[in-house]
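One structure is given below, encoded as structure tokens.
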Amino acid sequence: MIIMHRSSINIFPLSVCLAGYPCALVYRRFLFYQPATVIHLFHAFSGLALAAFNFGSQIYHSAVCILVQFLMLRLMGRTVTTVLSSFTFQMVYLLAGYYYTATEEYDIKWTMPHCVLTLKLVGLSFDYYDGGKEPSQLSLEQRNGALSSVPSLLEMYGFSYFYGGFLVGPQFTLRSYQKLVAGELTDCPGQPPNSVIPAMKRFALGFLCLVIYAIFSPYYPDSYYLTDEYDVSAQPFWYRCVFILLWAKVILYKYVSCWVIAEGVCILAGLGYNGVVDGKHKWDACANMKVWLFETTPLFTGTISSFNINTNAWAARHVFKRLKFLGNKSLSHVTTLIFLTIWHGLHSGYILCFSMEFFIITVERQALALVRDSPLLTKLANSPLYPLIYVVQQFLHWLFMGYPLVPFCLFTYDKWLKVYSSIYFCGHVVFLAAFLIIPYLRKALVPKKERSQIKQD
């Protein structure tokens, strides 16, 4: 998941996300029928203008990486070497940027949009490589993204700087961008899409989330964790835990708002068009958030499934699924999380966050399997007591969603260790205890006959 710090709700994210709306309107009104070259120029220069306004001369970092990627595709061809070279160069460049610009705080700097660009360019090399294979060798996702030829340099700049996905995503393939430029992503063939109302709905939802964050975030700042007020001697244990729960809920609204507002830009331009399902035109091709699921799910897996969807899909498509040769889903999952950890940055907090996320998901899956296989627990879950169970489950869900976010947002060892020490590493203790106890509960609550049947399956 792409995470931005509290200070990232600042001029750059808002300027890029909001400025995308007039850019999309200009495209719809004046450029929809223009040649591809004109559209590429508009997308490239509008995105460059936004980047230059915020980063000045530092925009050369993205320009150089796009040029190098183009030369790799053009000179090295559809080879594994091209993919590996692209992956290595783009990731090393990003990590070098993290290293040379790193501070103990989160700053608005060129590496913020560059991490999004890195995934775009690495994914581009995979899609070009897939274009040389027989369609029967590819999955449906790979066929949809596969490229039949090397894109032009101008096309790559238009794709990379497209105002709807330059800063916070969403991730989309060059093939989808080509369809946009060709005027294919519309519910009215040959005309601009009827997407104004769907776009405004996403904008309104994103703006509402932004208002919620703006109102409540001053009461739940990251910096509070490092004050004497958030201390064992100053506040009771329950208060420190509840603060983490409320802080996590509020802090995530800033990501929700940026992604949903950016999605509205993509819908307005047409990139969000996703065909017809059950007779209705869908506009969710660039959806990065399932807001209703995010708000209502009591499960950690549900929150992850609803959050930063396109980046998670990118990691699944280009990392997890391509590690199928390992023959072990858990190993592929761990490798994918290691990649995402490194991609986010070099701070120890990222390592702790993603390792804790993997552990929590593992325990939750074991617990869900126990409830499913135990007649007693299944009956309890379907009983009139479920509303009470749901409330308790949501409390634990958001408490322990916030737990791994603490090191993610505080970055450095000395800061997150102070917070974890003040709450006695309760998250680690609870999930380690659950991991050790669940096998014994399975023996006690799942009939022996059903356990045997499960092992055979």
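The backbone N, Cα and C atoms fix where each Cβ goes, glycine too.
As recorded in TrEMBL, the features of this protein are as follows:
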type     : residues : note
TRANSMEM : 7-27     : transmembrane segment
TRANSMEM : 59-77    : transmembrane segment
TRANSMEM : 83-102   : transmembrane segment
TRANSMEM : 203-221  : transmembrane segment
TRANSMEM : 237-256  : transmembrane segment
TRANSMEM : 326-343  : transmembrane segment
TRANSMEM : 388-413  : transmembrane segment
TRANSMEM : 419-441  : transmembrane segment
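Proximity of distant same-chain residues to the transmembrane segment (388-413), defined by a Cβ-Cβ separation under 8 Å and at least 6 residues beyond the stretch ends, is recorded for 3, 5-6, 104-106, 222, 225-226, 241-242, 244-245, 247-249, 251-252, 297-300, 303, 345, 347-350, 352-354, 356-357, 360, 380-381, 419-420, 426-427, 430-431. Just going by CB pairs under 8 A, the stretch in 59-77, 203-221, 237-256, 419-441 that sits most against the transmembrane segment (83-102) is 59-77. Below 8 angstroms of C-beta separation, residues 225, 230-232, 237, 240-241, 244, 356, 359-360, 362-363, 366-367, 370, 400, 403-404, 406-407, 410 of the same chain, each at least six residues beyond the ends of the transmembrane segment (419-441), sit close to that stretch. Within the chain carrying the transmembrane segment (203-221), a Cβ under 8 angstroms from the stretch's Cβ atoms is held by residues 6, 9, 17, 21, 243, 246-247, 250-251, 253-254, 256-264, 291, all 6 or more beyond its ends.
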